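Sending over a structure as structure tokens; questions will come in a sec.
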Amino acid sequence: MKMEEEILKHGLMIKRSLNKKIYTPINYRQRWFTLTRKFLIYYDTENEEKRKERGRIELELVHTVEVAIIAGNTEENRPQGISYPFQIGYQESGQDYILYVLAPTEKDRTEWIWAVRLACRFNKCLRGRYHPAIWNGKKWTCCKSSTRSTLGCENSSTWIAFVEESETNKENRIASAQSSPIMPGGTTPGTPSSKQKEKSSVIRSKVVVALYNYKAIEPGDLSLEKNAEYEVIDDSQEHWWKVRDAQGNIGFIPSNYVKEKELLGLQQYDWYVNDMSRQRSESLLKQEDKEGCFVVRNSSTKGLYTLSLYTKNPHPHVKHYHIKQNSKGEYYLSEKHCCASIPDLINYHRHNSGGLASRLKASPCDRSVPATAGLSHDKWEIDPQELMLLEELGSGQFGVVRRGKWRGSIDVAVKMMKEGTMSEDDFIEEAKVMTKLQHTNLVQLYGVCSKNRPIFIVTEYMRHGSLLNYLRRHEQSLVSNQGLLLDMCIQVCKGMAYLERHNYIHRDLAARNCLVGSENTVKVADFGLARYVLDDQYTSSGGSKFPIKWAPPEVLNYTRFSSKSDIWAYGVLMWEVFTCGKMPYGRLKNAEVVERVQKGLILERPKNCYKEVYDIMRKCWSPVPENRPSFRVLKEQLISVAQGLLVD
Ligand code: AMP
């Protein structure tokens, strides 16, 4: 999971309606709140499968996090009984909003306030004043001012970042906050001791550890050395952070190359591969082909880990062992050998097989390094002089694609856009946004060479080319490995869920537009590009190049694209994957396909495809767009199918 997606805190609380429209009545509803590094999201229920997102606040926009006063139970629909209100003020599209939340206990309120403050502590928009009580439609009930936009009547409390304190101290403070109630303004009654005051003014910076080496290329960037520590000076940009190294050098680094020291956990070890699936770990270890080669990965059961170990005895294969915990919290693979931590356990089994098929020896050395969002901070225009063009990789709708090296070291793919095939100026504008989309399952756009013609689109290089060709080339080995096929679908779904979260529509999702890299990673490519194509044959649903076979009824009838039309296309992509690259609807002509789709006829179940997997495809092909699941829900469903069908 990416750092920004990690859930820092979650829980049930009651939310007061935001009243974004002037005339909506006030109501209070129970919501499931989830705090990540970037968002505070609220859902209608805790149940991940059924829940719907009801709203989110971008934490970057937050200026106030304070205790609130909502006097008495006078408001309509206000839940009876004691609750502990707090407020989160933020500005969105130039408008001020305050989200009032009622925590169930004082402890919860204190913890939530601190958790949100911690996530917002570097915000530039933090305000010094706020209104402790609510606006009742006519005036602020605290200061009686009748101007809604007046500055607050109270000073905001000091934000003490308690990252530097140990868990014990944190517990103590929460306990003390419980015994001495927080007053409006966030201060506790009584004068804080000078020591406390001193502490409250200290905001300790974030320390990160490099997970990979990174070589600075542009002036202003800083090189990273794997395992070294860096102090974060500015993390206000999502993908490029300004950090200081041990020698005091300052510069930008890609944020996905580092991990906060306190959250590092197993990531500091080469043998830990995070969310790698069983199937991918098998192909990685088989490729390495070394006795005792191993990885530790997250098990599909949350919170558990699995050791995957390659052995040649009696024949080359991979064995998977769950790492278990006993009642004392110790870890073990065989009950006779328990250790206090997973690294200790791995060390133990490096020296003793202790019941395993082999002693643990090495972990695969060729761990792929993630792509950066752009080739440097704020860089999306690439100098063609710095590109060395190599062999042709293929050609498509827009022209030839060649492998390249940027500044002689970074592998890239260069799409040389045939002139007249796309509205170039619009695309160049869009490319600035697209370089900022970053996900393990999206082909990274590095930038464009837009000063000369033809323009070049420079992306991450994917060594195995298009998913469609990969499926066709490897049909023999893939057809019997339904787990790997399902894993490919899950990867595409993860990339699409990211696009959906960012309200980005692909418009041409299909196996031909996904690419395969090392370790069987699959990434979605060419997202959003369809909007800039000038060829009528491609853009109009009656055109010969229009992807009719991937289009739902509302696209065929009204050219209505949405994330839900992407879902339909995703169902067809799943079908392509499980048939190892067959053409959907075989040789049927476009007009015949349209007729079938209008009649509600869907693609048949691929041979050997699990019923549970086909059921998911069918959900994607609901004729009513609203009845199709979201990618977020789809992802959860696919993962649970994978858990149910395969041994982890
Ligand atoms: P396209 O124009 O995107 O359809 O690409 C044409 C062909 O070029 C694809 O089918 C791939 O085989 C190859 N290709 C495109 N992009 C990449 C990439 N980023 N890495 C490797 N091969 C690529």
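Note: Cβ is positioned from N, Cα and C throughout, glycine not excepted.
Given the structure is predicted, the values throughout are model-derived calculations rather than measurements.
Feature annotation from TrEMBL assigns domain 'PH' to 6-121. Feature annotation from TrEMBL assigns region 'Disordered' to 173-199. Annotated domain 'SH3' per TrEMBL: 203-263, in sequence order. What TrEMBL lists as domain 'SH2' is 271-364. TrEMBL lists 387-639 with the feature domain 'Protein kinase'. As annotated by TrEMBL, ATP binding site applies to Lys415.
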Name the residues of the same chain, 6+ apart in sequence, whose Cβ is under 8 Å from the Cβ of Lys415 (ATP binding site)?
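Looking at Cβ-Cβ distances below 8 Å from Lys415 (ATP binding site), excluding near sequence neighbours, one finds Phe398, Gly399, Val400, Val401, Phe456, Ile457, Val458, Thr459.
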Would you mind splitting the domain 'SH3' (203-263) into helix, strand and coil residue counts from DSSP?
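With helix first, then strand, then coil, the domain 'SH3' (203-263) has 6 helix, 26 strand, 29 coil.
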Can you count helix, strand and coil residues in the domain 'PH' (6-121) using DSSP?
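Counting residues per DSSP class in the domain 'PH' (6-121), I get 18 helix, 52 strand, 46 coil.
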